Amino acid sequence: AVTAQDFILTLLTLSNYGQNDHTPQIACLPLPSDSGSPVIQLRLAGEKRKHYEGRVEVFYNGEWGTVCDDDFSIYAAQVVCRELGYLDAESWAPSAKYGRGEGRIWLDNVHCTGAEKSLAQCESNGFGVSDCKHSEDVGVVCTQKRIPGFKFIKNHLLMLEGMTVQVEDVRIRATYSHRKRIPITEGFLEVKDGGKWRQICNEEWTEMNSRVICGMYGFPGEKRFNTRPYKLLAKRRKKNYWGFSVNCTGNEADLSDCKLGHEIELKGNNTCEPGMPVVISCVPGRAFAPSVSMGFRKAYRVEQPLVRLKGGAMIGEGRVEVLKNGEWGTVCDDNWNIQAATVVCRELGFGSAKEALTGARMGQGIGPVHMNEVLCSGFEKSLTDCYFNRDALGCSHEEDAAVRCNVPAMGFHKRLRLNGGRNPYEGRVEVLAERNGSLVWGTVCSDSWGTMEAMVVCRQLGLGFASHAFQETWYWQGDASADAVVMSGVRCSGTELTLDQCLHHGKHVLCPKGGGRFAAGVSCTQTAPDLVLSSQVVEQTTYLEDRPMYVLQCAQEEHCLSSSADKADSTSYRRLLRFSSQIHNNGQSDFRPRAAHHSWVWHECHRHYHSMEVFTHYDLMSLNGTKVAEGHKASFCLEDTHCDEGIQKRYECANFGAQGITVGCWDTYRHDIDCQWIDITDVKPGDYIFQIVINPNYEVAESDYTNNIMRCRSRYDGHRIWTYNCHIGETMTFG
């Protein structure tokens, strides 16, 4: 005999199959689908680093269980992701990558072709037949995009505990009075399900739910709002409610990680009585707020941040660094997850984390590893409030943790475009400017156009780092109607979010060369090198040498001595401050000289090519910053002297080979090489600052220029020199 409940369930299954549905099963007896396989429900669980990945869990026969990784394939991952409403699968992971599940292992030896509508239709040993342990639980990574028209079954008979919210899309729909504000921080919440936008009833809506929605849209927190105008508006508007409530704890990075609440009855005009549609109001981070007072107050004083992001191309992404005892250090990626990443993102005025990155994906840091095995609840005001292991033994910078945060939609990319390039990552820069009351596209004057300006363009367009800045673009056919120069005198520090935030001439354009063939251009890249000098090596190798002029002819030819050497007698001596410099490439791509092989300069005296005419500056300065001696280290021959274990050398100066520094390798200029010094013959005894700057003209793009400068204290008594307290980057201060 078939019960009424079984009959209804079977009808629902038959009527909805083939619409990318994922029909849950609550009856103890598994129901057959139209293809004869049981109806199951899926979810992604476990220790996640993205909200669209996780351990595959199956609801069958009234309980949740896992899937074994034996014989699992990308085709099976595709079936899982589509059944969950995602367009496709990116990859899958064996061996409990997302942690070990609990309960039954429902499926083992799963074989899918990729065409199945449900994982239950794939060949397997059968439900509950497995010889696996939870150490073999399989996980998948889905694409972020949802299937258009993806439908979630709405029937209280099919509700089950532990199901997560799965909808096609989510949006904050601003009222007409707020529509033009950027960013949109307030409005009715709508979810797209089955191709239709629907409101949610606010009867059981909580602040924790709002916190999660705000985080998804790039905002660190929610705020109160005036409900009266929304009530009036809701009365006039036609309502179309989604049939469920939502249960978020507040520490989820995305709505899809929240649990589905109970079903809300949808009965005519009485729907959601006495409630109204959910309204969301968020507070933006200071960088995105229309005014400073409206911006989110950071967890720490702005002038003394405890946490920062480094090495990222886009706003809101980078390697996580924390300040401890006046020294910046990194975070080890052991246990690094999306909750900890979200604490970092919110602390810095962004939304929740899109992704928690491991394995130095944003380049390797320098200095100490300050935190390890970080464990956050998600509600901490700062990462430094989370539990962590202070002992980072065994953690190297190869394990530096990083984040990608949700940032508000500011529409920055709509004010700028690249034209005429061979691919979307390069071209002439064209900006949208106001002229005579209307918006027109035009070019940018290339006077003073360089890497820093190009970096801002690539960031604004979401294209990564700049690989080159061009001052001539005649070989790129831009839009002829946009030939006129509308922006000139552009000077950027490199931290700006948009080109118009950089210094520029304003409405009065001044460009002697004109636009056209001399318009500014860029090429962008997803990865960049990052050169860092070893301060330890400099400290350990500094010494003085008195050297006769007659053995310094090559060095003088290359301008490696101070100007007084021009008049010096060949029998006289020069006093040289000598040291070794070891330059590591900690970035994500090789450091290559900008100049092509044919334009390198041959130095006959030293018998090698110089690929960069200005690569480092060596200076000795007084304590107030006045230069007292220069090293004139003008040119470099770049090569891999040594590499980390397992990395092959690629660049060698010998035999006029290719020049550069491979990721994970370093170029050592020993203290006994010509020009590896500062000529201090004319310097009086005293206390000084010894400074080295790599790539000082930003000739080659890097992911981080702040670590290109090293300063040390130096004491010279007329006979000996002491070098101590060497620091990389901005932490160096001398009182």
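Cβ atoms are placed via backbone N, Cα and C, with glycine included.
According to TrEMBL, the protein has these features:
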DISULFID  Cys68-Cys132  disulfide bond
DISULFID  Cys81-Cys142  disulfide bond
DISULFID  Cys112-Cys122  disulfide bond
DISULFID  Cys248-Cys258  disulfide bond
DISULFID  Cys376-Cys386  disulfide bond
DISULFID  Cys492-Cys502  disulfide bond
DOMAIN    42-143  domain 'SRCR'
DOMAIN    172-283  domain 'SRCR'
DOMAIN    307-406  domain 'SRCR'
DOMAIN    416-525  domain 'SRCR'
Pairwise Cα distance for Cys258 (disulfide bond)/Cys142 (disulfide bond) [Å, integer]: 18
For the domain 'SRCR' (307-406), mean pLDDT (0 to 100): 91
Proximal residue to Cys142 (disulfide bond) among disulfide-bonded residues Cys248, Cys376, Cys502 (C-alpha distance): Cys248
In the chain carrying Cys386 (disulfide bond), residues 6 or more apart in sequence that have Cβ under 8 angstroms from it: Ala340, Val343, Val374, Leu375, Cys376, Ser377, Glu380
When counting Cβ pairs under 8 Å to the domain 'SRCR' (307-406), the leader among 42-143, 172-283, 416-525: 172-283
Cα-Cα distance linking Cys112 (disulfide bond) and Cys81 (disulfide bond), given in Å to the nearest integer: 13
Shortest C-alpha distance to Cys502 (disulfide bond) - which of the disulfide-bonded residues Cys112, Cys132, Cys248: Cys248
Proximity verdict for the domain 'SRCR' (172-283) and the domain 'SRCR' (42-143), three or more C-beta pairs under 8 Å: yes
Inter-residue C-alpha distance, Cys492 (disulfide bond) and Cys112 (disulfide bond) (nearest angstrom): 53
Residue among disulfide-bonded residues Cys112, Cys132 with least C-beta crowding, 10 angstrom cut-off: Cys132
Residues satisfying Cβ distance under 8 Å from Cys248 (disulfide bond), sequence separation of at least 6: Thr206, Met208, Asn209, Arg211, Val212, Leu255, Cys258, Lys259
